[in-house]
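To start, the structure under review is shown below, and the notes come after it.
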Amino acid sequence: MFDMQEPGYGPGASMHDTLPPSSPRQGFLPQEYRQASKGELDQRIRTAKAALGERLVILGHFYQRDEVVQYADFVGDSFQLANAARTRPLAEFIVFCGVHFMAETADMLSRPDQAVVLPNLAAGCSMADMADLDSVKDCWEELTEVLGDAPDGAGRQPVVPVTYMNSSAALKGFCGEHGGIVCTSSNATEVLKWALARGQRALFFPDQHLGRNTGKAIGIPLEQMPLWDPSRQLGGSDALTLQRSRVILWHGFCSVHKRFTVNQIAAARQRFPEVRVIVHPECPMPVVDAADASGSTDYITKAIAAAPTGSTFAIGTEINLVQRLANQYPQHKIFCLDSVVCPCSTMYRIHPSYLAWVLEALNRGEVLNRITVPEQIAKPSRIALERMLSLKPESKPESRIESPVASL
Ligand code: SF4
């Protein structure tokens, strides 16, 4: 489905953020694309892509629907894809079939002369929207009042901010400016240890579940990981709790991953006693604790690829990825923990009709929906990203260039 009404702007940061006047806004999709059949759209996308040749690279997130992923040159998680674009120096146009914060990261990591295009500007991320810059700044001020701003005897700052990749460029910039860092679901443990070596505590946003699961895994007691609710005084906590804290968790979550439950795991084990349950660390802590393993999309993919033939997997992550893995590895039984789980609804807004629209415009020399992060935000954001990169190299994305579409 494409949007039947004029879609709003999904800034990836917050619907409450003040948008620069230059921000692109998603308007109505022209009627010719709304009315085009599936077959016509397919032909138009392939023709437009072929005409652009090396000038174009299309990136598809793991959670993107197959109808769109089939046109991607690379498939991976957000950070893998941003890096993949760098391997295509001839590409003038990077079309990112993901959500807004991913396109922002790709823009910050690509050359200034490369244009990053998000086919539908209403493709935001509800989790990223839960932490906006103003609320984080207010939190920082309140924490400074309670905790001061002087380092302790070991030279550790009172608080080191850590933002998940699933956040706006503005928050990554905030981290860059305040001695903080970015993390992914693959490297959250290393990043949190880095932060706690430099700070008496970390402020982790926007995903409370990734923060809590990671903190718990490195031995931090739950009572030292208070939740910060931005709508309440001192985040709903008190001075003593904050002083004793090691990780302060922002009150954010992924609406897709919070749907998984311990009962679903119990039901899967009852049906298939040999099942191996793997969930994403954006799932709530009791779900991660009840699973056999938890890890990023990259981890899940590799675990399935390495399993002996005939394995059974119950997976707790977005349905498009689970279904793709089930098709890709027919030698295993792979199913989603939640049989009625919804796809990531914002990523789902990238319909082939939007892809056809932006690609045909590029062929006419028109760059629609370009995502540009202002340099005053991009500069500190890159500092926070580089701190992360200096910790551990990320794995490479899956190249789709040689892969037949039929293998999906
Ligand atoms: S799956 Fe969750 S965290 Fe990922 S883009 Fe969708 S809403 Fe955001």
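Backbone N, Cα and C atoms are what each Cβ position is placed from, and that goes for glycine too.
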Residue among HIS61, HIS100 sharing the iminosuccinate site, where TrEMBL lists SER78, TYR164, MET165, ASN166, SER185, HIS280, PRO281, GLU282, THR297 as binders: HIS61
Of the binding-site residues listed as TYR164, ASN166, HIS280, GLU282, the one whose CA lies nearest the CA of CYS254 ([4Fe-4S] cluster binding site): GLU282
Alpha-carbon spacing, CYS125 ([4Fe-4S] cluster binding site) to HIS61 (iminosuccinate binding site), which is rounded to whole Å: 13
Listed in sequence order, residues with CB under 8 A of HIS61 (iminosuccinate binding site) and six or more positions away: VAL75, GLY76, ASP77, SER78, LEU81, CYS97, GLY98, VAL99, MET102, MET347
Those binding-site residues in HIS61, TYR164, HIS280, CYS344 whose CB falls under 6 A of ligand 1, listed in sequence order: CYS344
Spatial neighbours, same chain, of ASN166 (iminosuccinate binding site) - Cβ under 8 Å, 6+ residues apart: SER78, PHE101, CYS125, MET127, ALA128, PRO206, ASP207, CYS254
Inter-residue Cα distance where the pair is CYS344 ([4Fe-4S] cluster binding site) and HIS280 (iminosuccinate binding site), in Å: 14
